[in-house]
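Heads up: the structure comes next, in structure tokens.
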Ligand code: GLN
């Protein structure tokens, strides 16, 4: 099974490694034509404004909307979560506007810019080690969105059908179960 990692900016190599540990073939995606070769795609962390701009420049906004319209799974982590949201708190415009969520950027404040914790994630049996780096929070979820994980009562992972998002960086530990969960979503699609 081939799974892409959008390689415009951000933590690409780490996601490829995790996908391969989870049993998939990782594909570095730099051009929209490559989307037809893969069953699902990861949008990595980085800086969401930069990723959004590069997506516009290289035609990925329409191409990824089409990819999603075909029911192909997308997994957004950290900045990738932000670019998938329908609304970004305090910003007039969002990016892909795929998922029925409102996100707040850099939501943990300066004292807690980066930290690690163990999280319960619905659908994964034991706690997942989560690395948060200038992480966003999901402030609101709309119809069809299932909350998968919370931290101190705040939503940090969610799913809407074939769309999966996490505030944290599941690629920065040796625990590839979030990637495994995503691979299951791709497999179930057939
Ligand atoms: N703070 C970044 C943003 O708003 C996201 C951080 C990350 O991806 N680690 O885009």
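Cβ from N, Cα, C; glycine included.
When TrEMBL records 46, 47, 48, 133, 134 as binding L-glutamine, the matching candidate from 17, 105, 159, 177 it lists for that site is 105. Take the CB of residue 46 (L-glutamine binding site) and look out to 10 A: across all protein chains shown you find 21 other CB atoms. Report note: the L-glutamine site is defined by 46, 47, 48, 105, 133, 134, and the residues of the same chain whose CB lies within 8 Å of the CB centroid of those residues, excluding them, are 45, 78, 79, 82, 106, 135, 136. If you take the CA of residue 169 (active site, charge relay system) and look 10 A around it, the binding-site residues you hit from 48, 105, 133 are 133. Neighbour counts were taken at the CB atom with a 10 A radius for the recorded positions 105, 134, 169; the maximum falls on 169. A helical conformation is recorded for residue 48 (L-glutamine binding site) in the three-state DSSP classification.
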